[in-house]
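The block underneath contains the structure these notes are about, expressed in structure tokens.
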Amino acid sequence: MVKICCIGAGYVGGPTMAVIALKCPKIEVVVVDISVPRINAWNSDQLPIYEPGLEDVVKQCRGNNLFFSTDVEKHVAEADIVFVSVNTPTKTRGLGAGKAADLTYWESAARMIADVSKSDKIVVEKSTVPVKTAEAIEKILTHNSNGINFQILSNPEFLAEGTAIKDLFNPDRVLIGGRETPEGLEAVKALKDVYAHWVPEDRILTTNLWSAELSKLAANAFLAQRISSVNAMSALCEATGADVSQVSHAVGTDTRIGPKFLNSSVGFGGSCFQKDILNLVYICECNGLPEVAEYWKQVIKINDYQKNRFVNRVVASMFNTVANKKVAILGFAFKKDTGDTRETPAIDVCKGLLGDKARLSIYDPQVAEDQIQRDLTMKKFDWDHPLHLQPMSPTTVKQVSIVWDAYEATKDAHAVCILTEWDEFKTLDFQKIYFIFFGQMKSLMETRPLLMGGSFLQTFQLPDLVLANP
């Protein structure tokens with residue numbers, strides 16, 4: 001029996017390995033992580049991440065050919081194929097701080113693999129990494145191999161949170177990059193055979209290592225670029241009286257452009273877009289391409305501009321101050337159908353409002369109170385480190401209350417900001433909110449929610465009567 005081990009039980013490693021186990025019943029799959037609470041959660045009825053369809057997949061396979069363990073070294077030693085899905089946070093200090101990827105966890109994993117291996121292995125990059133990372137990892141493994149042969153493959157993930165299981169069942173493509181040597185091609189075939197259990201052969205693309213590594217960064221950069229482009233147009237539309245929804249629809253009907261990722265929003269979020277673009281910028285700078293680096297910087301600048309512009313509109317609509325005024329925040333996750341808050345625009349919006357001394361009442365159906373408090377007190381980029389290295393006892397922000405009902409959040413609020421496109425917000429009775437609960441209301445702000453990682457949902461419109469009521 002082929003044995004697969006995945007280092008890292010997060011948003012990528014857990015769902016990906018669960019689907020491989022489901023589709024390949026003759027392959028033993030073990031997901032390992034040094035975090036005891038995380039592994040305990042994977043072995044319980046309360047999984048550590050929320051993803052539609054994930055629970056059913058895990059329950060079908062767990063205990064049969066899918067296992068979760070903290071015994072990292074044992075399972076790595078026994079595996080034929082080792083996926084590495086560890087954090088690659090943005091560096092916060094030293095060379096490349098604020099842009100370059102921190103490969104500390106990747107290097108540590110590579111050294112551990114070399115130390116414990118007693119048989120030849122295929123090592124698969126599943127984390128998003130800079131171009132040429134495989135070369136560095138290859139050197140570490142080779143110089144510490146003790147006669148063991150390692151083949152490095154790049155197999156970047158292209159999942160969209162909220163639809164990850166659907167994406168894994170029916171991917172647009174599976175990309176595998178490897179060395180163009182006999183041993184490298186053999187390793188590529190071995191991984192290709194795993195995916196071929198359910199993915200059509202024409203959707204399994206093979207490239208060299210460097211093309212595979214760069215393709216992931218390029219894909220995320222292109223998607224984020226579309227979001228920043230339509231958000232830039234939204235500012236112009238507001239200034240000229242045009243309707244950005246109508247403009248984006250007209251643009252999206254052009255078959256050369258297409259309709260996806262063309263709804264304006266408060267900005268993009270998630271664990272990949274900003275981090276990957278910053279990484280791309282750094283790579284361009286290191287390769288003597290300052291003009292290219294500057295081009296991609298603008299995508300992030302527009303994203304930051306859009307979030308600041310949204311906060312400014314809220315404040316401006318309330319006599320230029322939100323001091324001691326209650327603002328309801330509906331939605332904190334960066335998109336619907338996930339509890340993930342990494343780089344969610346809601347963090348910057350909330351911090352902007354708190355900076356003006358607003359009182360916030362936050363409701364999100366999937367994000368826990370301690371996660372929201374941690375996000376509002378954590379330093380930039382700290383979220384991308386393992387949980388045990390993050391602040392475990394966050395300082396409570398006194399001006400923030402977390403509630404578990406949308407109507408409770410809006411009670412006596414002066415303004416409402418809808419920051420995540422949860423379906424339940426489309427069916428809220430805004431007449432009820434306005435007439436019954438909004439005793440102190442000053443204005444209701446609407447944002448067109450962002451669905452990252454897939455096509456945008458149809459934007460819902462709020463009643464005209466609640467757009468401005470001084």
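Heads up, the Cβ atoms here are built off N, Cα and C, so glycines get one too.
As the structure is a computational prediction, the values presented were derived from the model and not from experiment.
Feature list (source: TrEMBL):
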type	residues	note
BINDING	8-13, Asp33, Arg38, 86-90, 127-128, Glu161, 272-275, Arg342	NAD(+) binding site
ACT_SITE	Cys272	active site, nucleophile
DOMAIN	328-443	domain 'UDP-glucose/GDP-mannose dehydrogenase C-terminal'
Quick note, Glu161 (NAD(+) binding site) and Cys272 (active site, nucleophile): C-alpha atoms separated, nearest Å, by 11
CB neighbours within 10 A of Thr90 (NAD(+) binding site), counting all protein chains shown, number 20
The predicted model's mean pLDDT over the domain 'UDP-glucose/GDP-mannose dehydrogenase C-terminal' (328-443) is 83
In all the protein chains shown, the tally of other Cβ atoms within 10 Å of the Cβ of Glu161 (NAD(+) binding site) is 27
For Asp33 (NAD(+) binding site), the number of neighbouring Cβ atoms whose distance to its own Cβ is within 10 Å equals 24
Whole-Å Cα distance, Cys272 (active site, nucleophile) to Gly8 (NAD(+) binding site), is 16
All chains considered, the count of other Cβ atoms within 10 Å of the Cβ of Asn87 (NAD(+) binding site) is 20
